[in-house]
Structures are given as C-alpha cells and as structure tokens.
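Undergrad: Quick one: structure below, then a few questions.
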Amino acid sequence: MRVREMQRNWQHLGRWGLLFLGILIICSAADKLWVTVYYGVPVWKEATTTLFCASDAKAYEREVHNVWATYACVPTDPSPQELVLGNVSEKFNMWKNNMVDQMHEDIISLWDESLKPCVKLTPLCVTLNCTKAIINVTSSNNTTLAPNVTISEEMKNCSFNITTEIRDKQKKEYALFYKLDVVQINNSNTSYRLINCNTSTLTQACPKVSFDPIPIHYCAPAGFAILKCNNKTFNGTGLCRNVSTVQCTHGIKPVVSTQLLLNGSLAEEKMIIRSENISDNTKTIIVQFKNPVKINCTRPNNNTRRSIHIGPGRAFYATGEIIGDTRKAHCNISEKQWYDTLIKIATEFKDQYNKTVGFQPSAGGDLEITTHSFNCRGEFFYCNTTILFNHTRVNDILSNNHTRENDTITLPCRIKQIVNMWQRVGQAMYAPPIAGKIQCNSNITGLLLTIDGGEGNESETLRPGGGDMRDNWRSELYKYKVVKIEPLGVAPTKAKRQVVQREKRAVGMGAMFLGFLGAAGSTMGAASITLTVQARNLLSGIVQQQSNLLKAIEAQQHLLQLTVWGIKQLQARILAVERYLKDQQLLGIWGCSGKLICPTTVPWNLSWSNKSQDEIWGNMTWMEWEKEIGNYTDTIYRLIESAQNQQEKNEQDLLALDKWDNLWNWFSITRWLWYIEIFIMIIGSLIGLRIVFTVLSIINRVRQGYSPLSLQTLIPNSRGPERPGGIEEEGGEQDKDRSIRLVSGFLALAWDDFRSLCVFSYHCLRNFILIAARTVDKGLKRGWEVLKYLWNLAQYWGQELKNSAISLLDRTAIAVAEGTDRIIEILQRAGRAVLNIPRRIRQGLERALL
C-alpha cells in the first residue's frame with residue numbers, strides 16, 4: 001500500500017514539475033536586457049565654457065606691449081588636428097553664439113587692461129586758447145591723388161596753463177590738437193576745451209602700447225570641443241552636414257573697424273550674404289567677399305612728438321609740429337575692384353532674395369558709424385565713404401563704365417586722438433601722436449550693411465553700417481560652436497554584472513577630448529568596439545594641455561597681476577580637471593572605475609526605449625541614442641547608483657562570513673585537505689569512543705565474574721512470550737531466528753556505524769520527501785478546488801447579474817409600452833373630442849330649434 005501511494009504521489013509531483021519547467025523555459029526564452037555603462041562614447045551637448053587663447057605673438061612682434069597681450073597665450077600647435085565627423089549633421093546659429101560674446105568681452109577687457117597703468121589726463125580739462133595751426137609747408141612732388149584739404153585746416157594750435165612737477169607752480173604750454181578733439185566754450189573762437197571733459201575721464205595710452213592686431217586662436221579646454229562647419233556656402237544658420245571637430249579656431253585678427261571688414265577670412269566658392277532677418281532694417285547684414293579689395297591708407301605729414309610734464313611722474317605726449325607734406329590723411333581703393341564687388345553683391349541679392357538693390361551713404365549717427373573708422377599704426381582714422389556707396393542702382397555703375405584698371409578712388413580721412421571706444425559713456429582714451437609718416441595696407445574682406453526695409457518692395461537700398469563689434473567677430477566665428485563632451489553613455493545589453501564577487505580594480509584611463517569624436521557618425525555597435533582607442537588619451541591630453549597653460553601662466557609671474565588671458569587659462573585648467581574628476585566620480589559611484597564597458601544589475605525598462613537590441617546597436621549612432629533616452633538619463637543614473645549601493649551592502653554582509661564569499665572556493669585543493677583532516681578527526685573520535693566504551697564494558701563484566709562469548713558468536717534474539725517460536729502447522733516447526741552480529745575489528749565497527757547512519761538518513765530523507773510531496777499535492781488540489789469554486793462563484797454571480805439586467809430591461813420596456821399606450825389613448829380621446837365639437841354644436845342647435 002505504501003509503494004502504491006508513493007507511486008501515485010510521484011506521478012502528480014512529476015506532472016506539476018514538468019509544468020513548472022515548461023513555464024521556466026518559456027520565460028527564459030525571452031532575452032532580458034540590462035543597463036550597461038559605456039565610457040568614451042562620442043556624444044556631445046551644446047554648452048558655454050571659458051575658452052583660452054593660443055597665438056604666436058613672438059613671430060609677429062617682439063614688443064611685449066601689444067594691447068592684445070597675446071604673448072600671454074599658449075603657443076599654437078604646429079600641426080593642428082582637424083577630425084572630420086562622417087555621417088554627422090549639426091545645427092549652427094551664428095547670431096546666438098556665445099563665442100562671439102566671449103570674444104567681445106575679452107577684447108574690451110584687454111583694451112581696458114592696457115590702459116590701467118597709463119597716465120590720467122584729468123589736468124588737461126582746462127581752458128585752451130586755440131588759433132589756427134601754422135604749418136611749415138614742404139612741397140610735395142606728387143599731389144594729384146591727395147585731397148584738396150591740407151592738414152592745417154584740421155588742426156588747432158592751443159596753449160594752456162598746466163601744473164609742473166611742483167604742485168603750487170604752473171607754466172604755460174602749447175600743443176597741436178585735431179579739430180575733432182576740441183569744442184568751443186560759449187561759442188568763442190579762441191576758447192576751447194577737450195571734447196571729453198564734460199562726459200568721461202580721459203586716459204592716455206601708454207607710449208609703448210601697440211595696436212597692431214595679432215591673430216588669436218580660441219581653444220576649448222579639455223572635456224569640451226569646438227565643432228566647425230565646412231560647408232563652403234554656409235549662411236551661418238541651420239543644419240550643416242559637413243562637420244569637423246577642432247581644438248582651436250583659425251587665427252582671428254581683432255581688427256576694430258566699422259563699415260568695412262579688414263583682413264578677415266574670405267569665402268571659398270562665392271560671395272556669401274548673411275543676415276538674421278534680411279527684411280529687418282535693424283539687423284546687420286554681413287557680406288563676406290570671395291576676392292579681397294585692397295585699401296592703402298596714408299598719413300603723409302611727418303609729425304614730431306613732444307613731452308609735456310603735467311605733474312609729478314606724469315607726462316603728456318602731444319604733437320609738436322608738422323614737417324613736410326601737409327596733405328590730409330586718405331585711403332586709396334582700386335575703382336575696378338570696388339565696383340566689381342558692388343555688382344557681385346547686387347547679383348547675389350537678386351539670386352537669393354529676388355530683390356534689386358542700390359547703395360547709399362550712411363543715414364547719420366556718431367562719427368564712428370557714418371565713417372569707416374579703424375586704427376592705422378596707432379592713429380585712429382575716420383574716412384568718408386560717401387563716394388563708395390553713392391549709387392542709386394547698380395545699373396548706374398555699369399552705365400558709368402567703371403572698368404579702368406588704374407583708376408583709384410580716394411577717401412578723405414580725418415584723425416582723432418580722443419577716442420570713445422566701444423560706444424561706452426564715461427571712459428575715453430587719448431592716443432599719443434605717432435611720429436613720422438604712417439602707412440598701412442589692408443584687404444577689405446567684407447562689408448557691414450543695413451537695409452532701409454519696407455513691405456513688398458522689389459528694390460532695396462543698402463547703406464554701410466557697423467558700430468557693434470560683435471558683428472566683426474561674428475563674421476569670423478560664424479562656422480564654430482562649442483560643445484560639451486559627454487563620455488558616459490548607457491545602453492541595453494544582455495550582459496548582467498556578476499554580483500557579490502571581489503576583484504582587483506584596474507587603473508583608469510580617459511577619452512581624449514578631441515580624438516574619440518571620430519566615431520560619432522558610426523553606429524553604436526561599431527563605436528563600442530573602438531572604445532579603448534577612443535578613451536586612451538583623455539588624461540594624457542589633459543596633462544599636456546595643463547602643462548602648456550602652466551608655462552603660459554609662469555611667463556606672467558613678473559607682472560603684478562594676471563592678464564585677461566592668464567585668468568582664462570587658470571579657469572580652463574580648473575575646468576578640465578573638474579570635468580575629468582566628475583566623470584571618474586560617477587564611474588566610482590557606479591562601481592565602474594577603470595572600465596570602458598561596465599554591465600550593471602539594473603534591468604532595462606521598455607518605457608525608456610522599446611527598440612530592439614539589433615535596431616539600437618545596428619542602426620543608431622550614439623548621438624541619436626542620446627536624444628532617444630535623454631529624458632531618462634537622470635533616472636537611469638539614480639537606479640545604477642542604488643543598485644551599486646545595494647551591491648556593496650551585500651558584499652559587506654557576505655564578507656562578514658569571512659571565507660564563505662565564494663562557493664567555488666569550497667572545491668579548492670586546500671579546502672579538500674581541510675575536509676579530509678576534519679573527516680579523519682571525526683572517525684578517530686568515534687573509534688576512540690567505541691574503544692573506551694568496549695573496554696569499560698569488559699572491565700565491568702569481569703568484575704562481575706562473567707566471561708564474554710566469542711565476538712564471532714551469533715546470539716539468538718529472544719522472542720517475546722506473546723510470539724512462540726513454532727507455527728501451528730506441521731508439528732510446530734520453528735521460525736528463523738533473528739540474531740545480532742558482533743563485528744570484530746575497529747574498521748568493521750566504524751563501517752557498521754556509518755552504514756547504520758546512512759540507512760537512518762535515507763529513511764528520514766525518504767519520509768520527508770514523501771511528506772513534502774503529499775503536502776504539495778494536497779495544497780495544489782486545494783488551490784485548484786478554490787480556483788474552481790471561485791470560477792463557479794463568478795459564473796453564478798455573472799448569471800445573476802445577467803438575469804437581473806434582463807429583468808430590469810423587461811420591466812423598463814413594459815413600463816415604457818404602457819406609458820406609450822396611455823399617452824396614445826389620451827391623444828386619441830382629445831382628438832375625438834375636438835372632432836366632435838361641430839357635432840355637439842349642431843345637436844345643441846337642433847334641440848334649441850325644437
């Protein structure tokens with residue numbers, strides 16, 4: 001009976017076991033994805049950061065007093081790297097570019113910084129007694145191209161009282177001033193003052209300061225990169241499909257000018273017109289030439305410079321006298337080159353915007369806006385450009401046949417020494433006169449224009465503009481943007497981290513801030529293969545950059561304070577280290593230090609992205625993937641951190657068990673030797689105890705006078721009185737007697753004990769399994785009965801609800817029908833009553849007549 005019951009139980013248990021095994025196989029067939037961390041992925045985001053400068057200042061000028069202070073920049077890379085990003089498109093917007101604002105602030109700061117140690121000319125705010133300047137004229141052999149106005153009509157000879165080295169004494173001095181720098185007092189023809197005295201303080205530029213522009217390369221710190229658009233016809237906004245990454249921009253000359261852009265970069269294929277809104281007359285239009293137009297500017301007269309002491313330790317440098325050629329300063333431009341350029345501008349406007357354009361001079365404003373202002377060898381020129389733009393229509397240019405090769409357009413120029421730079425109120429600069437003849441040759445590479453505007457006009461008028469120096473820098477930085485590199489990426493894979501296992505951590509390496517972007521256009525699968533290459537040189541790149549910046553900072557230690565560039569270099573150093581430490585901190589928190597690919601125990605949630613693994617790794621780039629899961633990145637990071645915290649807690653709990661941290665260690669050779677040692681000790685203890693008890697038993701029986709039988713003698717096991725030894729049939733034949741075998745030897749004794757222990761363990765285990773199987777079977781049967789009961793109950797209540805609903809509908813239908821019948825009956829009665837009215841009237845009349 002027991003065997004049959006056991007077989008039945010095992011049949012039920014086998015059936016349920018097969019069912020659970022099938023469910024397990026089905027569940028395991030679906031691949032579960034886990035979050036995996038990747039370090040060194042080619043992903044970036046738009047950002048603003050502190051840029052630093054690189055320049056070859058020593059190659060341009062040995063004098064260290066250049067106003068742009070580029071000697072404080074790091075040296076340029078002799079072989080700059082430019083990495084083309086294949087299969088990458090990026091949006092650019094030159095009108096909202098932080099690089100432009102940053103360069104503008106840098107140039108202003110450098111300008112102000114160069115004037116800090118210079119002399120303040122506050123003592124010159126006194127009454128000036130001025131007369132017309134008398135110039136010693138020396139005839140010139142060639143005056144055909146010079147303006148008719150001489151320099152004597154542009155200058156005033158002024159005398160004034162000034163404090164000497166001894167404060168309580170004054171002396172009378174004289175100096176030549178330009179008419180633009182002085183204004184009359186109370187409309188007097190002889191009393192004048194400097195133009196700035198009622199509005200701003202005046203600082204004289206230091207005598208050794210040079211204003212010649214030196215190319216400045218803006219560079220991104222480690223952890224950031226500069227993206228460059230290489231489309232030859234890029235208009236400054238929109239999507240660029242030819243993108244590369246560079247460490248530094250090209251050399252940008254900080255030329256401060258209005259109307260005409262000087263010595264900038266040229267367009268490669270054709271002239272480019274750029275505007276944020278071409279129909280808005282408040283927006284500046286930037287025109288970039290393909291071919292430059294040469295402009296040669298000259299101050300012919302030969303000045304002498306004299307020093308006037310205006311107090312202890314302070315000197316004012318003024319123009320002493322003018323010797324030689326007294327022609328006015330002027331600029332010469334090739335007539336053919338200029339008019340060819342205007343025709344090309346009109347053609348481009350016709351092609352791009354379907355508008356016919358003409359050119360007119362500036363509509364008015366400050367002198368810096370209405371003229372072409374620029375600096376030439378330390379003197380500030382203001383040139384009248386009316387002759388360049390005085391053309392109502394381009395047809396006028398063509399009809400006048402301005403095609404002669406040797407014809408020259410001469411622009412009359414005026415010079416100012418008191419300059420209010422950057423259109424700021426409250427601060428002005430006095431530029432000391434430059435001795436000798438001044439001449440500078442430049443290339444016009446672009447124009448700053450404004451449009452008169454108007455709705456529905458097919459013809460437009462263009463005028464020269466400028467004044468906001470941001471447009472000057474924007475004309476060079478239009479193709480750049482700064483991005484922040486995000487080397488940490490997460491993606492789903494089938495790999496899961498092996499939890500609670502101790503191992504040595506490798507030394508971490510980084511990803512070079514420029515080189516690893518080379519895989520940006522590749523699919524995620526292809527990029528992940530090259531993670532080692534992409535991530536190898538970040539730390540070394542940072543160290544190299546830090547070394548270069550440190551050398552540049554050390555070069556300024558002789559100064560009392562750092563320049564603008566020095567501060568930026570310190571900021572770049574700190575920022576680079578912070579970026580690297582931040583990434584390494586996250587990797588450490590996640591338990592991924594020193595790993596390029598780091599599986600985790602966080603399951604991938606399909607709500608983050610329900611794309612298949614093949615679709616993700618085979619078709620998407622890392623940039624596309626980052627945009628896909630960008631909203632969930634913080635959530636994933638928190639889950640990884642929580643999982644790592646739990647993992648570390650589990651490791652701590654497991655390590656508390658000392659050597660039980662790894663199951664496989666139980667099968668090592670040293671463990672087996674330890675197991676054998678324990679086994680021998682247990683067997684020896686059992687044998688020793690058996691010997692002790694046997695000896696004690698023999699001694700006890702000897703003391704009682706009893707001699708033991710042979711150890712090989714089998715002693716019959718006496719049966720109880722209730723069980724006789726014979727059987728009833730065949731004369732009481734005896735049954736087989738049971739006997740107890742007395743073993744001989746200690747090994748036989750140990751084996752007998754061990755066998756008895758195994759038999760006992762087997763019986764106990766078998767009984768336990770049978771009880772467990774029977775319990776499980778009964779539980780499953782009870783559960784099945786409960787489910788069937790619940791199902792029957794649900795069916796019963798469903799049927800009841802159905803019957804109730806049908807009954808309710810029937811009653812409702814009956815009530816509606818009865819109500820409808822009553823309404824119809826009432827209407828019929830009312831109708832019959834109305835129809836019977838004439839009959840009742842007739843009957844009433846008949847009765848009345850009778």
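Placement of Cβ uses the backbone N, Cα and C atoms for every residue, glycine included.
Per Swiss-Prot, the features are:
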- 32-678: topological domain 'Extracellular' (TOPO_DOM)
- 130-157: region 'V1' (REGION)
- 456-465: region 'V5' (REGION)
- 458-465: region 'V5' (REGION)
- 568-586: region 'Immunosuppression' (REGION)
- 627-661: coiled coil (COILED)
- 679-699: transmembrane segment (TRANSMEM)
- 700-850: topological domain 'Cytoplasmic' (TOPO_DOM)
- 706-709: motif 'YXXL motif' (MOTIF)
- 716-736: region 'Disordered' (REGION)
- Cys758: S-palmitoyl cysteine (LIPID)
Undergrad: For the region 'V5' (456-465), what's the model's average pLDDT?
TA: 80
Undergrad: Sort out the residues at least 6 away from either end of the region 'V5' (458-465), same chain, that have Cβ-Cβ distances under 8 Å to it, and list them.
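TA: Those are 258-260, 284-285, 345, 349, 354-363, 369, 372, 385, 388-389, 393, 447-452, in sequence order.
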Undergrad: For the region 'Immunosuppression' (568-586), what does DSSP give as the number of helix, strand and coil residues?
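TA: Across the region 'Immunosuppression' (568-586), the residues distribute as 19 helix, 0 strand, 0 coil.
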Undergrad: For Cys758 (S-palmitoyl cysteine), list the number of other Cβ atoms lying within 10 Å of its Cβ atom.
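TA: Step by step: centre on the Cβ of Cys758 (S-palmitoyl cysteine), count other Cβ atoms within 10 Å, giving 10.
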